[in-house]
Amino acid sequence: MTDTPILHVDMDAFYASVALRERPDLVDQPVVVGGSGRGVVLAANYVARRYGVRSALPMTRVRRLCPHVVVLPPDYDTFTSVSASVMETFREVTPIVQAVSLDEAFLDVRGSVRRLGAPVVIAEQLRSAIHDEQGITCSVGVAATVSVAKLASRRAKPDGVIVVPPSEVTTFLHPLDVGELYGVGEKTQALLQRFGLVTVGDVAHTPVRTLQRAVGHHLGSHLHDLAWGTDRGDLTPTAGPHEPERSMGADETFSRDTDDRDVIVRELLRLSARVAGRMRAAGVAGRTITLKVRFADFTTITRSRTMSEATDVTVEIHRAVTRLYDALGLQRARLRLVGVRVEGLVPRSTVHRQLVLGEPEHGWAEADRAVDLATRRFGSAAVRPASLVVERA
DNA sequence: TCTGGGGTCCTAGGACCC
DNA sequence: TCTGGGGTCCTAGGACCC
């Protein structure tokens, strides 16, 4: 038996560490993985962090903070395959693995201690296995609950392990900044601060009703639980066929702001095709179609429309978002970003389409299937709508 | 040449139904 | 004929996470 059965394993600077396996010559240099132009940092190695470089920082600021930083482009195929191998290593320890993202997971090792040893021993075994197999380091938090394990792994970084036994939970939690709690971002932290609540201990000693008045009913009671480390925190194993997504979407920031309707409608077509293609690959269709528009000043609005029937057809999604866009009646507003999202996803097999006699929808669905087939065979650059083909002079 | 892209969940008001 | 209460769906926005 153990009183700290939950492990939170978090890769250190995951994207950067994976990218550096190919470039060992750069390990002592400041390195970030990120986009170009208007992109942000996806991951920064610990050398870059000494300059104040962090995830989500705009690249323009990164270059100011650290002019000699090396920027590597993300290689998601490699990240995905390294992640899959790491998750496989976790499942050799316990079947109860809940992946949070490519680079972190919770493990319930309750059933493994007799075979493998105490949780802290398992944590060290995992760390050396991942280091040997993948050439990257990770940190592990060990605790009785999910939320405490998560905070412990952050404290353990980089390349360490921290165990927080139940008797030490409040001593560990209460001095922390409220912003460390899962679910407390910039806004909520500022809100709590106005109530004089700065540390986790402050939140713990505030009546639930008061918290709920400050931050809303749900979050208020949630924060109170987190502040005492009493969240239930049962794991939902993500092995095998995972839960279907509730929505799928794609958005894109223009390389420069635009008010050109042709450019915008063409981008909406590209995004609609991308989303619809992923939906068909996943075998889902959806009824609610949402347009997202971000203006040059970064204000963002959404407009959605729920259809009578679910679709996975590119031209139907494109037509819906184009109507929503035109209904905005924008004149010369410059847009920074547009996005397309489809919600209310259901398995494609449950959709029975009521085709209006003579409507050519059938033809569009078949055109999509032909595109999917050609894409699988020749790659995504091979097939695209005519309006997306750039003529070569 | 500040501020990505993929998501999830919550809130709140109004419509509509019983 | 003077006003209720619950449930669900839709829409829009916002906060948050990695």
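Numbering starts at 1 and runs along the chain as displayed.
Cβ from N, Cα, C; glycine included.
Database features (TrEMBL):
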ACT_SITE  A:E104  active site
BINDING   A:D10, A:D103  Mg(2+) binding site
COMPBIAS  A:242-255  compositional bias 'Basic and acidic residues'
DOMAIN    A:6-185  domain 'UmuC'
REGION    A:230-255  region 'Disordered'
SITE      A:Y15  site 'Substrate discrimination'
PLDDT averaged over every residue in the domain 'UmuC' (A:6-185): 96
Candidate with the highest Cβ count within 10 Å, taken from the recorded positions A:D103, A:E104: A:D103
DSSP-assigned states of the compositional bias 'Basic and acidic residues' (A:242-255) in counts, ordered helix, strand, coil: 0 helix, 9 strand, 5 coil
Collapsed DSSP category at A:E104 (active site): strand
